[in-house]
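J.: First the structure, then my questions, so here it is.
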Amino acid sequence: MNAPLPATLLKQHLIDPEICIRCNTCEETCPIGAITHDGNNYVVNPDICNGCMACVPPCPTGSIDNWRVIPRARAYGVDAQFGWDALPPQEPVEDLLAAAAAADAEAAPASASAPAVNSPAAAAAAAGPGAAVATAGEAADDAADTAKPAQVAGAVVPPWSAAHPYVNLYTHKEPVTATVVGNYRVTDGDAESDVRHIVLDFGEAPFPVLEGQSIGILPPGVDARGRPHHARQYSIASPRDGERPGYNNLSLTVKRVVAGQDGNTHAGVCSNYLCDLAKHDTVRVIGPFGNTFLMPGRPGANLLMICTGTGSAPMRAMTERCRRRMGGDENGKLMLFFGARTRRELPYFGPLMKLPRDFIDINLALSREPGRPRRYVQDLIVERAEDVLALLNDEKTCVYVCGLKGMETGVLEALRHAVVQAGQDWTILHQALCRQGRLHFETY
Ligand code: NAP
């Protein structure tokens, strides 16, 4: 059991800037807007955070799960956290507790009969072994009475039958070096989008991954403040046994971000670095990351995959895993909704269209195909509502959504429509999908 800390002390929720990959998941997940960021760091505002823990499970790196006991009057403010390169050390909690107790005693000498939990010894025990850094569990206990349910769109747990992933094997401080063994364009040569399929080999370094996981790339050089660039996150596009089966390699799907594109005034630091890599170049990699967006391992599991653009990376990984075991009895149904501007801009269009129709049900939503009305993935989900509903109602189905942030609302609405038009209750089904780890989002 965890005794509460004295009121003058706070278990402050912090994000480790050395591990954080700035993926924005925590900021999106926080139900009360306590997490914010600048160009340097993601931070937790101590004036808003209630320690509800909604942000902790979705964080792919675990950088979110950091806590420091500190006098409330000295809580680390947002501006201070923006300037950090590393977390501050934990001050000895026994000292903080003793100081708090002394201050209490001074303020109210008659409080000698105060409950034991307010004594330094009891509270030190509550603060954890050796009175070190407060744990997530403790913070959760603190917040249990006040926490609001998180309004998350998807699950924060993996499908129960997913294989157990390895995460954080390599960090900013100790990255692994991978060698580029391939860099191919997967959009048409004359298409506007330069999307690359990049294959990285890890040689003798262990780098176990699962479909749906991601890695961080550390681009060389420094940012405008003269600090090393932070890592950029990319989904793995190959299955667990490698881009080339049996090899210790993996692939990424990377779109070159050019200045002015999609409202971006800057060319992407990491995307241009990656897209320009040549065979035999080396890259610094951290990760792997991600412990929820994982494919089910139970035989006969169905995959409903919804993606836009380079959000196709994890779908390719999952589809390829299934393709390699075609002919066995492990695969269930595969249904894909894939959005791109045109056929020529759709990554992996050629290989995708060669897959057998009875293996995967492919639905392409093309938004800028000349002479055709604009179609988004959610439009096609509505059109295929009956088949989508049949999958949603099957407990063996897991749903994956990856790509543009903007698609999230439309996709949820389309799924809701498929359920409601059949007279079913979307809220109940949505909650079940989340609870059972069957609905996953990875959008940026
Ligand atoms: P894109 O080419 O800009 O867009 C793909 C398609 O989505 C286009 O047809 C686009 O239509 C459509 N679209 C735009 N807004 C939409 C909405 N609200 N709902 C549904 N469809 C919509 O895509 P991209 O540049 O490849 O971007 C993909 C996204 O995936 C990026 O945000 C990326 O960060 C993210 N992502 C990438 C990876 C990776 O590993 N590389 C992994 C996960 C996620 P119009 O533009 O014609 O409107």
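Glycine residues also receive a Cβ, built from the backbone N, Cα and C atoms like all the rest.
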J.: Please pick, from E94, E106, E174, E442, the residue that TrEMBL records in the NADP(+) site together with S235, K255, T310, S367, R368, G403, L404.
T.: E442
J.: Would you mind listing, in sequence order, the residues at least six apart from K255 (NADP(+) binding site) in the same chain with a Cβ closer than 8 Å to its Cβ?
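T.: Same-chain residues close to K255 (NADP(+) binding site) (Cβ under 8 Å, separated by 6 or more) are S193, D194, V195, R196, S271, G309, T310.
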J.: Mean pLDDT for the domain '4Fe-4S ferredoxin-type' (42-69), as a whole number?
T.: 92
J.: Using a Cβ cut-off of under 8 Å, list the residues of the same chain at least 6 residues beyond the domain '4Fe-4S ferredoxin-type' (11-40) that approach it.
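T.: For the domain '4Fe-4S ferredoxin-type' (11-40), the far contacts come to 5, 46, 48-52, 54-55, 58-64, 66-70, 75-76, 78, 81-87, 127, 134, 138-139, 142, 148-152, 156, 168, 171-173, 216, 223-225, 227, 230-233, 286, 289, 444.
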J.: Could you list the residues of the same chain, at least six apart in sequence, whose Cβ is under 8 A from the Cβ of S235 (NADP(+) binding site)?
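T.: Same-chain residues close to S235 (NADP(+) binding site) (Cβ under 8 Å, separated by 6 or more) are G212, Q213, S214, L252, T253, G311, A313, P314, A317, C402, E442.
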